[in-house]
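Colleague: The structure that follows is given in the form of structure tokens.
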Amino acid sequence: MTAMLTLETMASEEEYGPRNCVVCGDRATGYHFHALTCEGCKGFFRRTVSKTIGPICPFAGRCEVSKAQRRHCPACRLQKCLNVGMRKDMILSAEALALRRARQAQRRAEKASLQLNQQQKELVQILLGAHTRHVGPMFDQFVQFKPPAYLFMHHRPFQPRGPVLPLLTHFADINTFMVQQIIKFTKDLPLFRSLTMEDQISLLKGAAVEILHISLNTTFCLQTENFFCGPLCYKMEDAVHAGFQYEFLESILHFHKNLKGLHLQEPEYVLMAATALFSPDRPGVTQREEIDQLQEEMALILNNHIMEQQSRLQSRFLYAKLMGLLADLRSINNAYSYELQRLEELSAMTPLLGEICS
């Protein structure tokens with residue numbers, strides 16, 4: 001719809017000359033949220049109007065809003081956006097936005113060849129190689145981090161749970177280990193290393209927990225709803241015993257059941273993780289355009305791989321479902337930070353995880 005309106009704007013410019021943003025007077029690019037605006041005011045309105053606490057004008061709402069002055073007073077700029085008819089209800093939720101992007105990428109992919117080109121195949125192999133070296137084998141190594149005896153499969157379900165401290169210590173150790181392996185995985189990717197160190201850190205802090213759960217899903221059993229890591233068996237009850245809130249764990253279980261039910265192949269898991277990694281909207285990111293292009297490339301390869309490998313019936317909505325699950329992971333990621341702050345003992349044991357979730 002936006003593209004169509006932008007084309008209409010271009011056509012009207014040829015007939016009537018350039019049209020200006022009704023908020024600041026800059027050149028308008030189309031109708032955004034029900035008003036003819038520039039890209040700057042469109043982005044400002046999306047970022048600002050949904051905040052719980054809005055900006056306050058120190059000059060009683062009398063500031064001029066123009067192209068030159070629009071950044072000086074966010075409160076007056078926001079009020080003018082509302083006065084000219086921009087509507088909050090037209091802003092898509094994170095999930096709806098992810099699904100729209102998924103549909104857009106799917107349409108682009110359908111126009112392009114569904115066969116991966118040589119460069120894309122090589123990129124998939126690089127991702128798989130890094131995943132095989134650092135992430136795939138890490139679950140079998142959990143046993144080296146002093147697990148309580150009742151976590152061993154041959155003890156379950158008979159062995160009663162022991163005191164919580166050994167379990168918390170084990171959880172802290174394996175979470176730190178997983179984050180370390182995910183860092184090694186990303187550092188093994190030339191595209192990731194090509195970014196500035198500041199952006200590498202910002203992307204890792206934003207995506208580490210999401211990549212962790214995408215990878216952990218490979219150990220999840222849909223029938224028992226347990227995670228099997230080498231000789232160890234983890235149940236959601238173990239996390240409850242350690243102090244995690246039941247509602248938080250329910251959202252994690254829901255995610256893993258939905259993802260496991262899609263029966264992904266290893267390349268699809270890895271490409272999903274790469275799509276999460278290269279997210280240009282993480283806090284602190286500076287090279288947004290470059291990272292956005294990287295994410296679009298990963299998403300396009302993921303969609304083409306699905307269309308190439310899966311049956312037509314199975315693949316029809318798979319890509320859109322994966323994009324929706326990535327949106328769910330954002331919510332889990334945010335909730336994980338709060339849980340870590342609440343569990344002070346676990347937080348104290350995992351400084352690396354605390355830094356990632358800060």
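Cβ coordinates are placed from backbone N, Cα and C, and glycine is handled just like the others.
Swiss-Prot feature annotations, pasted as is:
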DNA_BIND  18-93  DNA-binding region
DOMAIN    119-358  domain 'NR LBD'
MOD_RES   THR48  phosphothreonine
SITE      PHE171  site 'Important for TCPOBOP recognition'
SITE      ASN175  site 'Important for TCPOBOP recognition'
SITE      LEU216  site 'Important for TCPOBOP recognition'
SITE      PHE227  site 'Important for TCPOBOP recognition'
SITE      PHE244  site 'Important for TCPOBOP recognition'
SITE      TYR336  site 'Important for TCPOBOP recognition'
ZN_FING   21-41  zinc finger
ZN_FING   57-81  zinc finger
Colleague: Please report the three-state DSSP label of PHE244 (site 'Important for TCPOBOP recognition').
Modeller: coil
Colleague: Taking every protein chain shown into account, which of the recorded positions THR48, ASN175 has the largest tally of Cβ atoms within 10 Å of its Cβ?
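Modeller: Within the set of recorded positions, the most crowded position is ASN175.
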Colleague: Looking only at the zinc finger (21-41), report the model's average pLDDT.
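Modeller: Looking only at the zinc finger (21-41), pLDDT averages out to 92.
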Colleague: So if I draw a 10 Å sphere around the Cβ of PHE244 (site 'Important for TCPOBOP recognition'), how many other Cβ atoms end up inside it?
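Modeller: Other Cβ atoms found within 10 Å: 20.
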Colleague: DSSP says what for the zinc finger (21-41): how many helix, strand, coil residues?
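Modeller: Per DSSP, the residues of the zinc finger (21-41) fall into 3 helix, 7 strand, 11 coil.
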Colleague: Distance between PHE227 (site 'Important for TCPOBOP recognition') and LEU216 (site 'Important for TCPOBOP recognition') at the Cα atoms, whole Å?
Modeller: 8
Colleague: For the zinc finger (57-81), could you work out the same-chain residues 6 or more beyond its ends whose Cβ comes under 8 Å from its Cβ atoms?
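Modeller: Residues packing against the zinc finger (57-81) from afar: 21, 23-26, 35, 37, 40-41, 44-45, 48-49.
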Colleague: Quick check: of the recorded positions listed here (THR48, LEU216, PHE244, TYR336), which one has the Cα closest to that of PHE171 (site 'Important for TCPOBOP recognition')?
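Modeller: Sorting the recorded positions by distance from PHE171 (site 'Important for TCPOBOP recognition'), the top entry is PHE244.
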Colleague: Would you mind checking how many other C-beta atoms are within 10 angstroms of the C-beta on LEU216 (site 'Important for TCPOBOP recognition')?
Modeller: 19
